[in-house]
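**Student:** Before we start, here is the structure in question, set down as structure tokens.
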Amino acid sequence: MEKLREELLQANVGTVKENERMASHTTIKIGGPADLFVEPKHIDGLKKTMEIVRKYNVPWRAIGRGSNLLVRDGGIEGVVIKLGEGLDDLYIHDTEVTVGGGYSLIKLATVISKQGLSGLEFAGGIPGTVGGAVYMNAGAHGSDMSRIVKKAQILFEDGTIEWLTNEEMEFSYRTSVLQKKRKGICIAATLEMKKGNHDEIVAAMQKNKDYRRETQPWNYPCAGSIFRNPLPQYAGQLIEQAGLKGYTIGGAKISEQHANFIVNAGGATANDVLELIDYVKKTIYDLYGVSLQTEVEIVGRK
């Protein structure tokens, strides 16, 4: 790992750190150290990082702003690549928006709404990056990324870069081809918007932001929705009906605002959260015969 670190530093790919605690890079503020943590300063730095990582044949994963992510207390083996500055270009041409994978999704929704472009109102208040949103087909309020992504530019682990069409991305509920078949990083996406009334678009997005703030926990760190909705039922409703709001294990607590959120109420470990997830799963299955599936991505050494 030391030789890998030295080569990354010599290549001047960006920031390179050893044993970086992932708690500093996840929205739930939990997570052990990554063996190596790389934050490329530009697309060439990202491509070079992937090339070097491939050469040493070590495991890797990409993150954005760390939402929808729970890192185990043992940390992450190999290399964590964080997308952000330097991968956040934005081009708007008529109703077509091409944006870097490191661009903030909330910021993008705000910018294009002010341009009178409709289609991303659902993202008002959703944390994370565009790349992460494409990766997991993020959505809310009856819509998701699959409805607006025209194509996505993917850097695959073999070093090739391809534009995949919406169909090739194989979007489904909170997932895409990048989770199912082909490991890669969404470095850019072209979104197809619609022209609309500026005031109506801004109002709709603000309404969604306000709704999230009123119904979801903002006063404690959290990862976002913990469970996928077992449609037509909703995970949060089942958990609330089971009387589990406020249930706590260690520093992990089921939010009293929205039962499908687990918050870090203070000093929580990943193990606290995982124990709470297991307890909720067992309770809901015993009461209702429903097997809840996690939406939050759980990674790291067991």
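Just so it is clear, glycine is given a Cβ too, placed from its N, Cα and C backbone atoms.
Found this in Swiss-Prot, in case it helps:
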- Arg174: active site (ACT_SITE)
- Ser225: active site, proton donor (ACT_SITE)
- Glu295: active site (ACT_SITE)
- 30-196: domain 'FAD-binding PCMH-type' (DOMAIN)
**Student:** What is the separation, in Å, between the Cα atoms of Glu295 (active site) and Ser225 (active site, proton donor)?
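**Tutor:** Glu295 (active site) to Ser225 (active site, proton donor), Cα-Cα distance: 7 Å.
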**Student:** Below 8 Å Cβ to Cβ and six or more residues apart, same chain only. Which residues does that give for Arg174 (active site)?
**Tutor:** Met136, Asn137, Ala138, Gly139, Arg228, Glu295
**Student:** Through the lens of DSSP with three states only, how would you label the residue listed as 'active site, proton donor'?
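**Tutor:** Its secondary structure by DSSP: strand.
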**Student:** Please report the number of other Cβ atoms within 10 Å of the Cβ of the residue listed as 'active site, proton donor'.
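**Tutor:** Total other Cβ atoms inside 10 Å, all chains included: 21.
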**Student:** Would you count the other C-beta atoms found within 10 angstroms of the C-beta of Glu295 (active site) for me?
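**Tutor:** Looking across every protein chain shown, the total is 19.
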**Student:** Across the whole of the domain 'FAD-binding PCMH-type' (30-196), what does the mean pLDDT come to? Round it, please.
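**Tutor:** For the domain 'FAD-binding PCMH-type' (30-196), the model's average pLDDT rounds to 94.
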**Student:** Return one of helix, strand or coil for Arg174 (active site), based on DSSP.
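**Tutor:** It is coil.
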